[in-house]
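For 4-229, the entry in TrEMBL reads domain 'HpcH/HpaI aldolase/citrate lyase'. Taken from TrEMBL, the feature substrate binding site applies to 65, 129. Summarising the annotation, TrEMBL assigns Mg(2+) binding site to 129, 156.
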C-alpha cells in the first residue's frame, strides 16, 4: 500500500478521529504521545483501541504513535492497542537498532497473548529526535522484519541540543537538520524500507509545504507526515508521479525489455543505463492505476 501521506490524529479527540478518514491520507497515525495530555492518556488509549476495532474493510492504514520506550508509558500504550491489531506502531525518540529489537519483542509477546499473527504489526521509528540517534541511522539494516519505514523529526532534536530554532533566517533547515533528513533517507534505503519526510509545522503555509514536499520527493523520499487534513492533498500530489513521468518511465522500461542483456542504450537522445531503469521502475511502482 502507498504511504505518500500519514496524518497525525490526536487519540483523545472524538471529532478529529471521526473526520480523519475523509482527509484522503494513505495512513492515519493515531497519537498517544505529544498531542495527548498525560491526564487524558488512559482515556485516549481506550478511544484508540475502540477506533481500531471499528475500522471498516476499506480506508487508510491505521498506525499508532506510542510514547517513547524510556517514558514508562509505552508498554501500557502497547497493551491497550495491540489487541485491536493496528497496521503498525510509530516509535518516537528511537535511538537505533536496539530499540527496534526491544519493541519487536514486546509486540511478539502481545500478539501471542491476543492470538494475532506474529509479525503482523509493523514498525516505523522516528529516528533522529535525540543526538544519540543521529549516530545510529545505519543500524536499522536487518534489525526486524517488522520495519516498514524510517522517518525523522526536527522539533525534538532542536529541543535536545538547545537550539533557538531549527531554521535559518531564509526559512531553510539549519545544517544539523538537513543532515538528519539526509541520514534518514540513506538509512531507510540501506535498510530497504520506505523513507518518510517529517512534518511542516506551519499548516497554513501551503506553498511552503508544496515546495518542501517536492524537494523531499526529488531527494528520494516516498512520503511525508502531515499534522492537518488541509496538508494531505498537497502531499499526495507531490508524491504521485505525473503523467509525463509515468510515460517516460514506461518508455525506458520498454526500451530495456526490447534489448535484453544490454547495459546501456539510447532513448530520446539520452544515454541510459541500469540506474535509469531502476528509477523508472520505482516511478511506475508509485504511479496510480492507469490504463
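Heads up, the Cβ atoms here are built off N, Cα and C, so glycines get one too.
In the three-state DSSP scheme, residue 65 (substrate binding site) is classed as strand. When each of the binding-site residues 129, 156 is scored by how many other Cβ atoms sit within 10 Å of its Cβ, 156 comes out lowest. Around residue 65 (substrate binding site), the C-beta neighbours below 8 angstroms that are at least 6 residues distant in the chain are 8, 29, 30, 31, 32, 33, 89, 90, 91, 92.
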